[in-house]
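Quick look at what TrEMBL lists:
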DOMAIN    91-338  domain 'G-protein coupled receptors family 2 profile 2'
TRANSMEM  94-114  transmembrane segment
TRANSMEM  126-147  transmembrane segment
TRANSMEM  159-182  transmembrane segment
TRANSMEM  194-216  transmembrane segment
TRANSMEM  236-257  transmembrane segment
TRANSMEM  290-307  transmembrane segment
TRANSMEM  313-338  transmembrane segment
Amino acid sequence: MGAVRNEYAGDMEMDEYYAAYEYPDTTNNSGYEPGIIPDPRLPLASPQNEAEEVILPDDSLADTDLHDHDLIDSVMYIYFGSSSRADGGAGKQVLIAGAVISLVAQFLSLVTALRRLRSNPRDAATFIFINIELSLSASNLIFIVGIQATGEQQWCESVAVLLHYLHLVACAWLFSVAVLAYRRLTEGPSPSGQRLHCTLAWLLPATLVLVCYALNPQGYETHHYCWMSVVRGMLLSYMIPVASLILGNTIIVMMGLRILSRGDFTHKVCLLEHTSTSEEVLRKSLRSSAMLLPLFAVVWFLGVLALENPSTLVFPILFAITNSFLNWFLYICSSLLLPPILLLSEESLESKICDSEPLISSDNTPSPVRLVTATCNGGELLELRLDSISTISS
């Protein structure tokens, strides 16, 4: 009987203990909150354990409130990581695969350009082609290695700024292809100012990057990837310089095609070696140079969109296709963009006479004969006076 009373008394104590938590105290008219009765069976937490704060990583499944993750979130974490935006999943793999395929084409193009440079070290076209491939391969390699280096914000920002600079350098050298073709039509096969052109192509993009960073330092993404941010603005860093170069490139190509269509033979005959097929090659070279810069601008923009939207595979696939097409086109059609017919030595140009047929005066008088010939250097006319020759017969 005593055991029953003790059990009943224990139940009464438990009811009184939980009453303060689940039910309001109707008998409390003092205006103060009811006191909390501690459970004597629970161990008391030491002050040292209460002061310690457990710092969990961002990708941890253990949340403090146990309400942020459910079964579906756990499965998504196992397959795709902590965040599909930060990791990229399959989209990141497509980006890396496309960049690697393009890197192979860039390496082969560099080997081809170096072999051409050995045969003709002073060729401006091969020099431009080497600088194009150097800037493209450097930007592609940094894109593969450092695009996901988001561990340190300062390092990630440096990678984004360097990528911006290398992309602008590549745009400048692609613009140089059309400039060289036009100058060879107007100035001759060996235009001057190659060192100045190289200096401007490498230094002007650096100045533009510094201006963009000073005006918009938040224009680079450093949390999810290391590149430009579409949300924070790409007007000054991308749209204005690229659109200006595309417009100038189109104008230069149209002027060059106009020279070919008008038949201005001041320098064209010497360059084309009296063949209509060579004229067609040069026309194709100008048209191809008009396509390169807009295509590279599309590759640039698709790369940023693919990183900004990693949940879909559309932009990564488009980036991989366009990037691979651009670089393999440069490798396969390098002779079309920079045709070997333009690689004429100075000695051959000096000894070559475009029109060697003499124009002999029809006068019957024994006066000195005039021979008029046209040279390759600017179409100058040379007048030769020959004295009459008399023979004495026995």
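Cβ atoms are placed via backbone N, Cα and C, with glycine included.
What TrEMBL says about a protein is an automatic prediction, not a curated fact.
Between the transmembrane segment (126-147) and the transmembrane segment (313-338), the number of CB pairs under 8 angstroms, six or more residues apart, is three or more, so the stretches are in contact. Contact count against the transmembrane segment (313-338) (Cβ pairs under 8 Å) is highest for 94-114, out of 94-114, 236-257, 290-307. Away from its own ends, the transmembrane segment (236-257) comes close to residues 164, 168, 171-172, 174-175, 178-179, 181-182, 185, 208-209, 211-212, 215-216, 219, 228, 283, 286-287, 289-290, 293-294, 297, 300-301 of its chain (Cβ-Cβ under 8 Å, at least six residues beyond either end).
Same-chain residues lying 6+ beyond the ends of the transmembrane segment (94-114) with a Cβ under 8 Å from its Cβ atoms: 88, 126, 129-130, 133-134, 136-137, 140-141, 143-144, 147, 303, 306-307, 313, 316-317, 319-321, 323-324, 326-328, 330-331, 334.
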